[in-house]
Amino acid sequence: MAGMSGKRLQKELAKIQGILPPGISLVSADDLREWQMDLTVPDNSIYPPDEKYRLRFHFSTNYPIEAPEVVFMLLSNPERKIPLHPHIYSNGIICLDLLDKQGWSPVHNVESVCISIQSMLASNTKAERPPGDAEFVRSNRSRPRDINFLYHDPTV
């Protein structure tokens, strides 16, 4: 990946290979197109403190102008589940304005996205999926960043 996107990602990768906030770790960044990060959720009884959740970041050549595509991954080895949250679908798609075309800003980066998702999980009070999860997972064919979610849920 060349140009602005490649330079930005190389700079971010150098930074996150150093010190990251507690509960966030780099798993892999074999290239500048896809990275994987693990998260744990502190101080929320819905999520066991030793349970790790895997995020996949996919970067386009328009990053950081365009948001990365970020989803939770379901893995069996090592075991990684999709966390229960009213804004996280069972296929790993995350409904978060930060990841939307309108909510994204180039000042954000991989670390700030991880912190936002970790914070979203830490403040969660409902161990449930979004309404219509099964239908959405069955019928959605759009890339996560192309989905027009509504972000008006003050109850979570």
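All positions are counted from 1 along the displayed chain.
Glycine is treated like the rest: Cβ placed from N, Cα and C.
Per TrEMBL, the features are as follows:
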| type | residues | note |
| --- | --- | --- |
| DOMAIN | 4-156 | domain 'UBC core' |
| ACT_SITE | Cys95 | active site, glycyl thioester intermediate |
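Within 10 Å of the C-beta atom of the residue listed as 'active site, glycyl thioester intermediate' sit 21 other C-beta atoms, taking all shown protein chains into account. The average pLDDT the prediction assigns to the domain 'UBC core' (4-156) is 92.
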